[in-house]
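S.K.: This is the structure I want to talk about, given as structure tokens.
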Amino acid sequence: KSGHRHESXBSTBXASXSSKPCCBHCACTKSIPPQCRCSBLRLNSCHSECKGCICTFSIPAQCICTDTNNFCYEPCKSSHGPBNN
């Protein structure tokens with residue numbers, strides 16, 4: 001066990017491009033205001049705006065953001081490539 005922990009504090013600006021808030025799989029309720037939640041899995045950390053990030057203990061860790069917002073972030077797909085469904 002090494003003390004290797006990923007804190008999603010904004011300590012580095014290097015990862016800002018990859019960790020900018022975006023979401024490919026976002027679902028919203030039909031209520032007003034809507035309650036939207038992103039179900040994207042990210043490796044090792046959640047995006048920079050995420051307050052509730054849960055990660056698995058696998059390597060690499062798979063992380064999901066549990067935040068509920070009244071909007072969806074822009075899709076991330078442009079950074080991943082065309083065939084990502």
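Including glycine, each Cβ sits where the backbone N, Cα and C put it.
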S.K.: What does Swiss-Prot give as the disulfide partner of Cys28, choosing from Cys22, Cys23, Cys36?
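M.R.: Of the candidates Cys22, Cys23, Cys36, the one Swiss-Prot pairs with Cys28 is Cys36.
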S.K.: Which of these, Cys72, Cys76, shares a disulfide with Cys26 in Swiss-Prot?
M.R.: Cys72
S.K.: To the nearest whole angstrom, what is the C-alpha distance linking Cys76 (disulfide bond) and Cys26 (disulfide bond)?
M.R.: 11
S.K.: Can you check what DSSP calls Cys22 (disulfide bond), collapsed to helix, strand or coil?
M.R.: coil
S.K.: For Cys46 (disulfide bond), what is the secondary structure by DSSP, using just helix, strand and coil?
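M.R.: Looking at the DSSP assignment, Cys46 (disulfide bond) belongs to neither helix nor strand, so coil.
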S.K.: Based on Cα coordinates, which of the following disulfide-bonded residues are within 10 Å of Cys36 (disulfide bond): Cys22, Cys26, Cys63, Cys65, Cys72?
M.R.: Cys26, Cys72
